[in-house]
Every structure is written in C-alpha cells, then in structure tokens.
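For reference, the structure is listed below as structure tokens.
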Amino acid sequence: MSTPVHDDPLARERSHLGASRSALRAMREDVESLDIKDVTANWVNAAVLERQIEDRVKALADLSHTPLFFGRLDYLHPPGAAGAEGAEGERFYIGRRHVHDADGDPMVIDWRAPVSQPFYRASKKEPMDVGLRRRFGYTGGELTAYEDEHLSDPAEAEATSRLLQREIERPRVGPMRDIVATIQPEQDEIVRAGLAGSVCVQGGPGTGKTAVGLHRVAYLLYAHRERLARTGTLVIGPNASFLRYIEQVLPALGELAVRQATVDDLVAHVEVRGADEAATAVVKGDARMAEVLRRALYSHVTPPAEQVVVVRGSRRWRVPADEFQEVVTELLERGIRYGAAREALPRRLAHAVLVRMERAGEAPDDRVQDAVARNPAVKAAVKQVWPAVDPAKLVLRLLTDAGFLAAHSAGVLTEEERKAILWRKPARSVRSAKWSPADAVLIDEATDLIERTHSLGHVVLDEAQDLSPMQYRAVGRRCTTGSATVLGDLAQGTTPWATRSWAEALGHLGKEEAVVEELTAGFRVPTDVIAYASRLLPHIAPGLTPVASVRENPGFFEIRAAATAADVVAGCRELLGREGSTGLIAADARVPELAAALAAAGIGHLAPGEETTRETRLTLVPASLAKGLEYDYVVLDEPRAVVDGEPDERTGLRRLYVCLTRAVSGLIVTHATELPEQLTSELPEQPA
Ligand SMILES: Nc1ncnc2c1ncn2[C@@H]1O[C@H](COP(=O)(O)OP(=O)(O)OP(=O)(O)O)[C@@H](O)[C@H]1O
C-alpha cells in the first residue's frame with residue numbers, strides 16, 4: 001500500500017510544486033488573455049503595451065530545466081511578532097520568481113524578497129526566526145529529494161548540505177548558470193548590499209565573483225526596479241567570448257534588460273584598427289593623460305581681442321573686450337563642460353547687450369535675447385574665442401603634432417613618454433587613422449570633457465584588475481551618479497598596466513568610498529589543483545590569501561611529459577571520455593599547431609564562448625582568452641610557453657595562474673620543456 005500524500009513529505013512538496021506550476025500557468029494565461037483593445041485606442045500605446053505583455057509572458061514561462069522553487073522556510077513567528085506566544089509563523093517556498101494563486105496568496109516567493117534572505121543567511125548561531133530551512137533536490141526537473149535544517153533546535157548538529165555540495169560538484173556543460181539555490185552567506189552580503197554604495201570584491205579564481213556580480217544586478221533590479229529601469233544597468237566583461245559565456249545568467253533570472261559590454265564597446269567612438277606596443281599603451285592609459293587632454297582642449301579658449309558689436313535696426317550695441325573676458329573667465333571657473341560653456345556663451349553675451357538696451361530705456365524681452373544670441377556677430381565672436389572642438393581630432397593632433405603635445409604635457413609627461421605616444425606614421429584624418437584601443441579611451445575622455453557622459457544607475461565591472469587608469473575613468477563616468485560593483489583578482493592581472501591596489505583603482509573610478517570585500521572560498525578548482533597553482537602566488541601577488549577549495553571531490557591532477565602535439569591530443573581524447581566539457585588551453589602561439597593536431601585526430605573543437613554540444617565538447621582556448629572561463633576538464637599545454645608568451649616573467653606567471661585555475665574536476669598539465677621553477681619548487685614531479 002502506498003503512503004497517503006499527507007504522511008509523505010516528499011509527495012506533499014511535489015503536490016505544492018504541481019499546484020505552483022498550475023498557478024504560474026494561470027498567471028500566464030491571465031496576461032495572455034488581456035484584451036488591449038479595451039484599454040487603449042491609441043496604436044502607439046497599444047504597441048508598447050503589447051511588447052510589455054510579451055515580455056511579461058516570457059518572464060512567466062515555466063522552464064522545465066529550472067525548478068520553480070528550490071527552498072522552503074518555516075518561520076517560527078508571524079512577521080513583526082518575533083517571540084509572540086502561540087502564533088505560528090508562515091511558510092514560504094523560495095524560487096526564481098514570484099508565483100501566486102487565484103486569491104493572490106503567494107505560492108512561491110522571489111529569492112530576492114526580504115523574507116527569502118534567511119534562506120541564505122540564517123545559521124545555527126543566528127537563526128533569524130527560522131524554525132526549518134529545507135533545500136530541494138531535483139533530477140531532470142523532478143523533485144526527488146529534500147534536506148532539512150532545524151536552525152533553532154540546539155540538539156541538531158551543524159552539517160554540510162549534501163544538496164549544496166552536489167550543486168557545487170555538478171558537471172559544467174554549456175554557458176554559465178545562476179547560483180540562486182546555493183548563494184553562500186558571504187556572497188549574499190555582497191549580492192544584497194545597498195544600491196547607494198559601491199562594492200569592490202577581491203577574490204581568487206573560482207570564488208564566485210562573476211556569479212555574485214550578476215546576482216547583485218538581479219537583486220538591485222528587484223529592489224529598485226523603477227529607478228534602475230529609468231537609469232539603466234550595465235555589466236562590463238573583458239571580451240566578447242566571456243560575455244557570451246555569461247549572457248544567459250540574467251535572462252534565466254527573469255532580467256532581460258541589462259546591457260553587457262566590454263570597455264572597448266563603451267568607448268567605440270572610432271574604428272579601432274591598430275594596436276600599441278606595451279610601453280606606448282602604458283603612457284596612453286596613465287591617468288596623467290586626462291590632464292594633458294584637459295589642457296589641450298582648453299588651449300582652444302582664447303582671450304577676446306576685440307569688442308563685440310551687435311547691430312539691431314539703426315542701433316549698435318557694444319560689449320567691450322574686458323567684459324567679454326569676464327564672462328569667459330566666469331564660465332571657465334564654473335567647471336562646467338567645455339561644450340555646455342560654449343553653448344552658454346552666446347546667451348551671456350546677449351545678456352550683456354540686453355543690460356545696455358535697458359539702460360538706454362528699451363524694454364527687450366526673452367525673444368530679443370534669443371535673437372541677439374543668434375546674431376552673426378555674436379556667433380562669430382564665440383567661434384573665435386570658444387571654438388567647437390571635435391574630440392577625435394583633438395586626440396589626433398596630440399598624437400601627431402609634437403609641438404602641440406609638448407605644449408600641453410609640459411611638466412606632466414617626460415620627453416620619453418611623449419616620444420612613446422607620438423605616432424611614427426602620422427595619419428591625415430580621423431577616418432584614416434589607425435586608432436588603437438587606448439586611443440579610443442583617450443577620445444572618450446576628451447568627449448566627456450566636452451559633453452557630460454550619461455551616467456547609469458549601476459555598473460558591474462568584472463575582471464577589473466586589467467583596466468588602465470584611463471579605462472577606470474571611462475567606466476567611472478558611466479556611473480558618476482550611480483554605484484558600482486568592482487570584481488577582480490590582483491593575482492590575475494595580465495596587462496602591463498594591471499591594477500596594483502584596489503584603493504588606487506577605486507580612486508581612478510571615482511569610487512574611493514567603496515568597501516573592499518574578500519572572497520576566499522573556491523567553488524571551481526579542486527584542492528590539489530588550487531594548491532599547485534597557489535605556489536605561484538608569492539611570485540605574482542604576495543600577500544593575497546590563497547583560495548580554499550570547498551569542493552569535496554578531489555578531482556584528479558596529473559603532470560605528464562608530452563613530446564608532441566599528438567600526445568597532447570591524446571590527453572584531450574582521454575578527458576573527452578568523461579562527462580562534461582573539456583578545455584585545451586595553450587599559449588596563443590601554439591594554438592594553430594594544436595588545432596591542426598586535433599583536426600588530424602578527427603576531434604572537432606570550439607572557440608571560447610561557443611556553446612558545447614553533445615557532439616563537440618572540446619574547446620581550444622588561447623591562454624589570452626582563458627580568463628573568467630571554466631571547463632570540467634582541462635589539458636594545459638606547455639606552461640613554459642604560456643609564461644614566455646608574455647612580455648615579462650611576472651605577467652607570464654600570472655597568465656599561467658589563470659590557465660591553471662580553469663578546471664572544475666580535473667587537470668592534466670602536459671609539457672615537453674621544463675616547467676617554470678616557481679611551480680616545481682615544492683613537490684617532486686609525478687612520473688609520467
Ligand atoms: N555559491 C555557489 N554555489 C554554487 N556554485 C557556485 C557558487 N559560487 C560560485 N559558484 C560557481 O563557481 C564557479 C566559479 O564562479 P565564478 O566564475 O563566478 O568565479 P570568479 O571568482 O569570477 O572566477 P575567476 O576569477 O576565475 O573569473 C562558477 O561555476 C559558479 O557558478
């Protein structure tokens with residue numbers, strides 16, 4: 001005889017799941033059946049409404065692979081009555097979205113709601129009025145398990161959650177997934193930090209920085225929906241393949257309107273077709289360039305040499321040069337943007353004329369002031385004294401005209417630095433110039449000097465350690481009136497201008513007040529592998545705390561000699577025999593040879609960021625693109641070549657650190673040449 005439903009907790013939970021699904025379906029049908037003809041006769045409104053309805057229907061979809069709820073909280077007392085005798089607390093199911101029944105009573109509560117917070121934060125030490133915390137386990141969309149913690153029961157021992165562990169250990173397939181079911185308390189604190197403040201997170205590889213940043217955006221959009229819908233949000237990542245890897249996390253959380261971009265995308269004022277040598281890019285990325293640009297721009301403002309004479313009818317009105325100068329000085333001192341001041345200038349001159357008209361007994365009104373401001377003599381005077389400047393042309397001139405650069409960088413740049421940034425082959429025009437990424441950032445700075453950049457409500461900046469000071473400024477001006485979440489790892493900085501300290505970076509960003517948090521629990525890399533990679537830490541970022549892996553599965557880790565590319569491919573074939581994704585990471589220069597060897601062996605492969613399929617689970621990853629990505633299994637080819645692929649040893653070792661920390665379940669390091677000594681210093685090499 002089967003157990004009746006009311007005695008079988010799992011059956012009861014399944015029945016709640018079924019009921020929640022039906023309720024969600026009813027919510028969706030309600031929206032679908034809205035007849036907008038009744039609501040609006042205007043076709044523009046109708047089109048807007050229709051789109052909103054479509055979005056809402058999309059947001060209410062019941063996705064079979066994402067369980068509707070993953071947790072349950074039974075509170076001890078009703079809200080606001082903690083400690084009240086006799087009254088029972090409510091029960092809430094925690095999921096990705098809010099679901100209510102026909103009466104409007106909640107069936108599932110959004111994970112971001114305040115009542116959901118104890119699901120992530122409550123502990124035996126601080127139960128937050130939670131009597132029971134239940135986690136649910138699913139297999140193929142079916143609710144198959146649950147796990148209870150009685151937080152207020154002193155007799156119950158604290159235990160690690162098996163379901164949590166299972167989620168952490170699950171094989172990785174396809175793009176990044178959300179972690180709503182298993183956000184850890186220290187991560188949750190960052191996720192739910194207020195919108196007003198900026199947060200900076202230093203964390204080693206796999207500590208969940210990217211995950212935390214994305215969940216923070218989702219949380220902020222929930223808590224400040226209207227404000228952020230107006231002001232906008234932005235997630236910045238290091239490159240297109242990384243953005244492809246993370247792009248599905250926010251939509252899966254119901255957030256479809258978050259822009260994701262690289263810093264290069266943000267500053268794409270010109271077509272970038274060139275590249276700088278490291279020494280050049282370092283100078284161009286230095287914050288002192290902002291001062292050079294400012295000086296160069298304002299050198300266009302010249303003291304008025306003559307009076308302005310405005311002829312109206314039979315009368316002539318004169319604004320003497322010294323009064324004109326006073327207006328100019330006042331505008332310079334007010335610190336408004338170059339362009340705004342230039343726009344204000346004609347009206348200021350017109351005002352001076354109007355004052356004279358009034359003194360002469362006339363009674364001019366606003367229309368007269370407008371007309372005077374548009375008078376050709378006023379326009380000509382403004383053009384002379386405060387000319388329009390094109391930001392790209394300004395940068396072009398600085399980079400091509402040695403005299404102009406010298407004049408405006410005196411005392412700011414050294415002679416050597418000037419030489420480093422002057423183009424050897426001067427371009428004739430903005431269009432024909434071979435702009436580099438660093439040049440585009442300079443143009444962005446100049447653009448902002450002329451016209452204020454639009455500021456968003458919140459910006460998440462991932463892999464921040466690689467930004468130059470000028471890039472930080474470019475990001476900072478996109479959130480001057482908003483806040484930022486800055487994520488990074490000083491040990492993974494691989495650009496010549498990589499961040500040395502977060503305080504410095506936050507200064508360039510204009511967010512000096514940001515709190516710096518550290519995450520040290522590692523969710524990706526197995527213990528043995530992270531211990532091996534951490535041998536590099538004293539050489540690449542002394543003082544940083546090594547990551548402590550929370551994975552129980554020891555994974556596997558092997559170092560083996562591989563004389564040829566075919567040996568490397570053999571390693572890949574071995575790993576492809578296991579479940580999940582495999583990455584072959586190699587120095588950029590070795591990628592073509594390995595691609596050929598894979599093809600010769602009949603093994604198909606993908607490029608980073610491309611989605612793995614059942615047939616193709618191997619990604620060939622150039623070391624320069626490995627950052628931020630992860631694979632179940634990794635073959636890391638020739639560490640020495642990875643190090644040597646960078647301009648200096650420290651950067652090389654940092655690149656190697658990034659590459660060594662991409663594996664979730666297992667790593668094979670293959671090498672034909674000797675391993676870098678910093679890796680071999682502790683353990684003798686295992687036999688091949
Ligand atoms: N609380 C968690 N529960 C389950 N998985 C988690 C948790 N936190 C992070 N992860 C997983 O760990 C992996 C690493 O996370 P993430 O990529 O965000 O780390 P990171 O700190 O940005 O790493 P890197 O420095 O290498 O870019 C991801 O697969 C992520 O989903």
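The backbone N, Cα and C atoms fix where each Cβ goes, and this holds for glycine too.
Listed in TrEMBL for this protein:
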BINDING   GLY203, GLY204, PRO205, GLY206, THR207, GLY208, LYS209, THR210  ATP binding site
DOMAIN    182-535  domain 'UvrD-like helicase ATP-binding'
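The structure, with features from TrEMBL marked on it.
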{"residue": "GLY203", "record": "ATP binding site", "CB count, 10 Å": "26"}
{"residue": "GLY204", "record": "ATP binding site", "CB count, 10 Å": "29"}
{"residue": "PRO205", "record": "ATP binding site", "CB count, 10 Å": "25"}
{"residue": "GLY206", "record": "ATP binding site", "CB count, 10 Å": "27"}
{"residue": "THR207", "record": "ATP binding site", "CB count, 10 Å": "27"}
{"residue": "GLY208", "record": "ATP binding site", "CB count, 10 Å": "24"}
{"residue": "LYS209", "record": "ATP binding site", "CB count, 10 Å": "26"}
{"residue": "THR210", "record": "ATP binding site", "CB count, 10 Å": "23"}
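As a whole-number mean, the pLDDT of the domain 'UvrD-like helicase ATP-binding' (182-535) in this prediction is 95.
Using the Cβ center of GLY203, GLY204, PRO205, GLY206, THR207, GLY208, LYS209, THR210 for ATP, the list of other same-chain residues with Cβ within 8 Å runs, in sequence order, ASP489, LEU519, GLY522, PHE523, ARG524, VAL547.
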